[in-house]
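Here is the structure we will look at, set down as structure tokens.
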Amino acid sequence: MRRFGPVLVVVLTIFAIWYVGSFLMNRTWVMDQAARAGTEPGFTEVLRDTMNQDRAKLPAPHQVAAELYDGVVNKKVTSKRSLVYHGFITFQATMAGFALGIIAGVALAVAIVLSRFADLTLMPWAIISQTIPVVALAPMIVVLANAAGAGSLMVPKAIIAGYLGFFPILVSMVAGLRSPDGMQLDLLRTYGASPGQVFWKLRLPASLPYFFASLKIAVAASLVGAIVGELPTGAISGLGARMLIGSQFGNPMIMWSALFAAAILAALLIWIVSGIEKIAVRTMGGGQT
Amino acid sequence: MNRSVISASDLSLTFQTNDGPVHALKDVSLDIHKGDFVSFIGPSGCGKTTFLRVMADLEHPTGGSITVNGVSAAEARRNRAYGYVFQAAGLYPWRTIGGNIRLPLEIMGYSKADQAERVARVLELVELDGFEKKFPWQLSGGMQQRASIARALAFDADILLMDEPFGALDEIVRDHLNEQLLALWRRTEKTIAFVTHSIPEAVYLSTKIVVMSPRPGRISDVIDSPLPKERPLEIRDTPEFIEIAHRVRDGLRAGHGYDD
């Protein structure tokens, strides 16, 4: 209980602020309605009316929770209105992009560490790539992927997710592969180790803690990439598409429930990656950093 | 028995730095014979570690010549002629103690059965039997350093180069490890080159003490120890021991030049 205490306090505080915000933002509409009807509502009536509007400016937490529950549990998972359906679409793109990001990030890091030429030529571009707003880039990637015959939105979405996901892995892996100090390199030199042996026996295992630390960031970035990939590209399924639909059709409930579904998905992904990291750390020397 | 294992003549090494050239070694000549235990002692900057690294082909001399086992230092390194023990144990945290000792054996391509047999043997040699499956962080600093010595002994190098291996350990642990190292040296009959800046350690361990002085790094005295091979810790209270220690101290004082 002691562990959950602080978390609970934070959550309750957020809920409190949220409720106050809902009341303040939705009150205008209630007052307008009352003025038009020529009535003078009391405080409790205003409070009640701010908490249950269908098109509230800021839906109250319990409304979002109900909508989320409705979208996850009450709809068949194959339904176009099921959040599980849309969540799975986004999850697929996230995982494909995550895998792409791992492959690209690790491969580039290895090239950069092994070759000075790659270090000088690739690293600046990797950094520049992250300064371009991905929202601006996404439609172009969709067009190019379609022109190349991708067929569906899955491929460009995965590319966008990988585009965001590879960078933290690249930066961490470069640091990790370079982490062995001069003494450890000298030691292998006294054994007459080949460059390949230095890489496999020293650099790569030394980089693994860095790798796992970066996975958590990369999986979250991949999810953001997948969602962003659904926003400006005319996607009709996926959590990003739901958010856009909610906002375009003036239905904030859809937007908010999709947003929370995305947050829950992110939490799940990070939780799974942390679990994998723990197992890896245990097999690599038992918790000592 | 008197075969020269390491032979340096007029060895010089100059580092080019932004503040001009630094003469780490200047005209150093020395012969180390098979089975010798040679200590290098001197203040920091006297080139004792640099000298050891030249023997190991980790630094390249800018003048003079050095042979190890009758061949160049580079070739000796490729022949795996020596085991090198660093100041820090430098064990891989992701490998067990056994795994760390297997590291050079894996690199040198020993068979699995041979690896297991050698790991067991050297662990026994440094009195760490039973710790094979432990991870480095589960061992004390002294035990970690013993494991790193075991790692240097695991393959068949008959030269052991040790760069202040016990420098970071406390006096009591150091005494104990010195005793163990002597016993190990007698058992294995290796040739040991040992860098230290402790006078008692140098006198206690060595058959030959090389006193060095800085700016430029050079040898100021070479003392052949008359102490017997069998050395209990109490030998440090004998007049012979104190006399050698005295001579080392004089050598250090003469070479150091406190006036500058």
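One-based numbering along the chain as shown.
Just so you know, glycine gets a Cβ as well, placed from its N, Cα and C.
Taken from TrEMBL, the feature domain 'ABC transmembrane type-1' applies to A:87-277.
Long-range contacts of the transmembrane segment (A:6-26) within the same chain: residues 46-47, 49-51, 53, 56-61, each at least 6 residues beyond the stretch ends and with a Cβ under 8 Å from a Cβ of the stretch. The transmembrane segment annotation in TrEMBL covers A:6-26 (among others).
What TrEMBL records for A:83-113 (among others) is transmembrane segment.
If you look up TrEMBL, you'll see A:125-146 (among others) marked as transmembrane segment. Beyond the ends of the transmembrane segment (A:125-146), by six or more residues, the same chain brings 108, 153, 155-156, 159-160, 163-164, 167, 170, 225, 228-229, 231-233 to within a C-beta distance below 8 angstroms of the stretch.
Here the transmembrane segment (A:158-177) has Cβ contacts under 8 Å with residues 93-94, 96-102, 104-106, 108-110, 112-113, 123, 126, 129-130, 134, 137-138, 141, 145, 203-204, 206-211, 213-215, 217-219, 221-226, 228-229 of the same chain, all six or more residues outside its ends. The feature transmembrane segment is assigned by TrEMBL to A:158-177 (among others).
Sequence annotations record features per position, and here TrEMBL assigns transmembrane segment to A:210-232 (among others).
If one looks beyond the transmembrane segment (A:253-274) by at least 6 residues along the same chain, the residues whose Cβ comes under 8 Å of a Cβ in the stretch are 54, 59, 63-64, 67-68, 70-72, 83, 86-87, 90-91, 94, 212, 215-216, 219-220, 223, 227, 239-240, 242-243, 245-247. Taken from TrEMBL, the feature transmembrane segment covers A:253-274 (among others).
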